[in-house]
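Positions annotated as transmembrane segment by TrEMBL: B:9-29, B:35-58, B:65-84, B:90-110, B:117-135, B:155-173, B:200-220, B:240-265, B:277-293.
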Amino acid sequence: MAAKTPLLKAENVGIQFGGLKALSGVTMELYQGELVGLIGPNGAGKTTLFNLLTGVYVPTDGRIMLDGETLNGLPPYKITRKGISRTFQNIRLFGELSVLDNVKVAYHAHARHSIASSILRLPSHFRGEKEMEEKAIEFLNIFQLDGVMHEKAKNLPYGQQRRLEIARALAAQPKVLLLDEPAAGMNPQETKELMKLIAFIRERFALTILLIEHDMSLVMGICERIYVLDHGQLIAEGTPEQVRSNPKVIEAYLGEEVS
Amino acid sequence: MATWKRTRGFWVSVILAFSFFVVVEWLIASGTLNIFYVNTLFFMAINVILAVSLHLIIGITGQFSIGHAGFFAVGAYASAIMTMKLQLPFAAGVLAAGVAAALAGLIIGVPSLRLKGDYLAIATLGFGEIVRIALLNIDYVGGASGMTVTHMTTWPWVFACLFATILVIANFTNSTHGRACISIREDEIAADAMGINTTYYKVAAFVIGSFFAGIAGALYAHHFYIIQPSNFGFLKSFDILIFVVLGGLGSLSGAVVAAVLLTIVSTFLQNYPETRMIIYSIVLILVMLYRPTGLMGTKELSSLFKWRKAAQGGMNHGGKNTVA
């Protein structure tokens, strides 16, 4: 990668829940424009790392930096506004809101009209709401969800809900997008389309993406670099080929060789 | 043209509301409506204000608060102090009621909105009781015997407050700020992850809701001649909660309809004091059995008209599709 300083950096990050060390000494660097995979067996701490990066948990050790700025201790909404946005492993849409409104909520942080202007229905309210609507529809078009934009999010089929979550995360206009198992529960065809979509939005929005995935073939196929977590620690990093042939990774996934 | 389309529904409701105002004003002036009906009407309006203000907190933002009578009490006493003790005009009393209740909402909201679900409910219930017991022990406001208040509440005042409450809360809800509140109700973690300052919006909804509960308190105090701490017990909080739940959580028109209907039922049942609470309770049980999501569900009255339009072969989304 051309850029020297990483866009997102985790420095020796760890977190302890009571006596349990969920993560320790994780160091990770994401450079502008990269698509990086994060893999590991169940319970390795992948989602915990996402929760640390997005401020849901505050790390007990180490530092998290975005563009040279320390994020430790900031509440999630502030971190999102600084440019890290995410999706969830178990879909967390706003079920009773329409598809369109789900995306609008994510665009809220960029709205400039105040509560007072909305209550009094000042021109700035109408301008702001119109801009929001146009932006939201733009995102829905990209994800081919514009046909269902007035449906309640909870009524969408599973695959569309997954796509809507990504659309919503994008509407927050992040620099770094964290995707937590975006292809979970999808069939091979859907997964393939999803991967194309991820590659497309990465180009279009100049995004840096960190992706958790279980499907090894998928991660190997599109990620430039891969980090492997096991038991709360990084056990390997490198290109897909390097990771695939790393004995520690094979051990973590397939178990120890019987001697 | 586009603006007209967008605001047509609004202006139609404004015109309907004002015609209602003029008709009632004329009925009162001509003496067709006797004092009993006027009383019921005022009480209905006060209940609607209370229901709609709690709807913003529970139905929209999803914060289960059951101390609403506390803010109602703060408003009632604040306005009574203004008009009775300080001899200020009624307008000052109404304004002071709203501001005092909103301040109380802010003071209570900031620490207690960190709590969730049952815990928040208990904390707000505690707040309501604290207000009641504090008033009981302050001699300046008459303690247990309460304060006598001059009758100042008139139909124009009631209507203006009712109209303002519904307008402000509907406008707030139908904006990006309202959507932010709904997103908190739907999934607080996701809302936070999408850049919504959840604490800010929970407190904002709480403060706006409390403000209007305070206004309702001012109208109440200056209509019923006397206010006593016992009028503002937790049963009053539950009454308001019932309007919101029965109307359908998340539906503003539901809260209005439920408040109106239950006020009528409860007034009508005053003729049967022995069985009143039994019948009232049976009505509640029946509604919850046959309409578990409340009278209106999460729908609004206006959506009924849209539905009819679609059935007649009109546009499905009321023209929303043409925006793109």
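Each Cβ is built from the backbone N, Cα and C atoms, and glycine gets one as well.
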Dominant neighbour of the transmembrane segment (B:240-265) in B:9-29, B:35-58, B:65-84, B:117-135, B:200-220, by Cβ pairs under 8 Å: B:35-58
Segment proximity, the transmembrane segment (B:155-173) to the transmembrane segment (B:35-58), 3 or more C-beta pairs under 8 Å: yes
Outside the transmembrane segment (B:90-110), six or more residues from its ends: residues with CB under 8 Å to it: 67, 70-72, 74-76, 78-83, 123-124, 127, 131, 152-153, 157, 161, 202-203, 206-215, 217-219, 221-222
Beyond the flanks of the transmembrane segment (B:117-135) by 6 or more, those residues with Cβ under 8 Å of it: 63-70, 73-74, 77, 104, 108, 141, 143, 229-230, 232-234, 237
Distal contacts, the transmembrane segment (B:65-84) - CB-CB under 8 A, six or more residues away: 50, 53-54, 57-58, 90, 92-94, 96-101, 104-105, 108, 120-121, 124-132, 135, 141, 147-150, 152, 206, 209-210, 213-218, 220-222, 227, 229, 231-234, 236-238, 240-241
Other parts of the chain folded back onto the transmembrane segment (B:155-173), taken as Cβ under 8 Å at six or more residues beyond its ends: 17, 21, 24-25, 28, 38, 41-42, 45-46, 48-49, 52-53, 55-56, 60, 90, 94, 181-182, 208, 212, 215-216, 219, 252, 256
